[in-house]
Amino acid sequence: MESLAMGKKLLTSVLVGLLGNDYCGTGCKEGPCFSKSPTGASVASIVSPQFFNGIINQAPADCAGKKFYTRQAFLTALDSFPDFGKLGSDVESKREIAAFFAHATHETEFFCYKEEQDKSNSYCEANPKFPCAPGKSYHGRGPLQLTGNTNYGNAGNALKLDLLKNPEMVANNPVVSFKGSLWYWMAAVRPVIGQGFGATIKAINGRLECGVPAAQDKVQRRIRFYTNYCKQLGVDPEPAPKLSC
């Protein structure tokens, strides 16, 4: 498992256009509001106990994440992001869900890890809007390994949580953990998902993996998870040229 800080570009300028008003009207419970799709599969029915447990049961019994991540925590976090997994057709919706869990599987080793194992880098960057709190580390935490004070600050604003002062919440509260990753997905990954799974790799860890010969095994591992999950969900992945970055 590696940190995503190098691959995650600062989102400040992007978020202004994506988030708009932080909170909006009927149907928007918490967090940033996104346009609604008129159709889309039920995420709860797609992420069934069988699907979720089929992932986490592959983690060793002594993993910290095994007693931390739960399907219910994911579904509870999903209440804040009602447009996740709803892209206008069942095929597109299931592909998005497969992609999210493929990356989460890769980053956490089947939901084994709650946070980055190498904590030597605090990932504190100069940002007057989101200054690092004294003594706090912004290393990767959660299913997609939320990394860097800018991402923690933006996620905290969207979720109404002070993640700059309390970044540990992302590794201590399973609902917050999923919310942090869903926030990053909707803000940085969802806008490019129509370009194919390869574009999602680039949005998550592109600088460290895309076009890097030594990292192609990691890219292929993400693709294997994705194609496997698509198969489990009953859809075909997009054509091969769109799978890799």
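A Cβ is built for glycine as well, from the same backbone N, Cα and C atoms used for every other residue.
The record in TrEMBL pairs Cys245 in a disulfide bond with Cys210, which is drawn from Cys210, Cys230.
Reviewing Cys24, Cys112, Cys124, the cysteine that TrEMBL connects to Cys63 via a disulfide bond turns out to be Cys112. For Cys132 (disulfide bond), the nearest of the recorded positions by C-alpha distance turns out to be Glu107; the candidates were Cys63, Glu107, Cys112, Cys210, Cys245. Taking all protein chains in view, 19 other C-beta atoms sit within 10 angstroms of the C-beta of Cys210 (disulfide bond). Of the recorded residues, Glu107 (active site, proton donor) and Cys63 (disulfide bond) place their C-alpha atoms 14 Å from one another. In this structure, the CA atom of Cys63 (disulfide bond) is 29 Å away from the CA atom of Cys210 (disulfide bond).
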